[in-house]
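**Student:** Here it is, the structure in full.
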There are 2 protein chains.
Amino acid sequence: MKESFLTQEKKHFFMNEAIKEAHKALALAEVPIGAIVVLNDEIIGRGYNKRETSQDALSHAEVTAIKEACNSIDSWRLENAQLFVTLEPCPMCAGAILQSRIEEVYFGAFDPKAGACGSLINLLEDTRFNHWCYVESGVLMDPCASLLKDFFKDIRAKKQKKKEMLEKD
Amino acid sequence: MKESFLTQEKKHFFMNEAIKEAHKALALAEVPIGAIVVLNDEIIGRGYNKRETSQDALSHAEVTAIKEACNSIDSWRLENAQLFVTLEPCPMCAGAILQSRIEEVYFGAFDPKAGACGSLINLLEDTRFNHWCYVESGVLMDPCASLLKDFFKDIRAKKQKKKEMLEKD
């Protein structure tokens, strides 16, 4: 069984950095999800969801942060690195975590519809693969979840308003 | 249940194009895996494994081909597209296929150690996710598998030769 040696204070500090990334997505009207990769207490990769802006299916927060981290240390092996992400990774991002040999994964909110780290499947702790991780869920869960909840509430309100305006015409 | 309307001839033609990509990896001494994305009988994305050359954990054949396909049609949605790949996709690549909404996936050889399309798990036909695919395995299986078998055989032979030379000194 893998374990974490990070203090609660550090976990909160780094998740807040991932939340800052999520706000960058929000500023582009993208679903607000952010991620960072940490190695020896230093942030070596940052990313936020920009699927609509980039029109690239791969541009999830985690994938962008992992790519930046690999470039940053010029290695595809991110051994001993930690990934912090505001939402439970999807299968693609969980797979990217396995491929890059990230050691520890901390996520905020659960994703019951597409989560691949405990919700629908659990890719990161499946010991049949050649790598597995320490996984901790619910780190700063409330602010991470609120970001998403408020985003979708706002979208629904705008849709309702548009519908009412069309009915008035 | 999804189905395929491609003729056997077309399947072989496109898999041969994926094999051409795998040969590009081989020329760089990378594990020879190649992929292409097809839309309306046209190849809109190509990719080959270049993990060691790029030192990027994400640079699998499928991910590169999907990224190029999204750029090519300026959309993250590759609906109605087909992906051909010489080896069964890993979780990251299967996840990228789901994210990009690719309709049909054809692969050559099975990957019993990391395959996420039937071998260890089956991400592409899991109807709990918001997208699933038609999957056909074993398309030109022998040439796809031979490429990999010969590559690893060659690596083992080189290692053995090196060991013998060191023992002689």
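Placed from the backbone N, Cα and C atoms, the Cβ positions cover glycine too.
Okay, so TrEMBL annotates it like this:
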- A:GLU62: active site, proton donor (ACT_SITE)
- A:HIS60, A:CYS90, A:CYS93: Zn(2+) binding site (BINDING)
**Student:** Give me the long-range Cβ neighbours of A:HIS60 (Zn(2+) binding site): same chain, 6+ apart, Cβ under 8 Å, in sequence order.
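**Tutor:** Looking at Cβ-Cβ distances below 8 Å from A:HIS60 (Zn(2+) binding site), excluding near sequence neighbours, one finds A:ILE33, A:GLY47, A:ASN49, A:ARG51, A:CYS90, A:MET92, A:CYS93.
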**Student:** Cβ under 8 Å from chain B: which of the recorded positions A:GLU62, A:CYS90, A:CYS93 qualify?
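**Tutor:** Out of A:GLU62, A:CYS90, A:CYS93, A:CYS90, A:CYS93 lie under 8 Å of chain B.
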**Student:** Output, ordered by sequence, the same-chain residues six or more apart from the residue listed as 'active site, proton donor' with a CB under 8 Å from its CB, or 'none'.
**Tutor:** A:ALA35, A:GLY47, A:LEU83, A:VAL85, A:PRO89, A:CYS93, A:ALA96, A:ILE97
**Student:** Within 10 Å of the Cβ of A:CYS93 (Zn(2+) binding site), how many other Cβ atoms can be counted across all chains shown?
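**Tutor:** That number is 35.
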**Student:** When DSSP states are folded down to helix, strand and coil, where does A:GLU62 (active site, proton donor) land?
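**Tutor:** Reduced to three states, the DSSP call for A:GLU62 (active site, proton donor) is helix.
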**Student:** Can you check what DSSP calls A:CYS90 (Zn(2+) binding site), collapsed to helix, strand or coil?
**Tutor:** coil
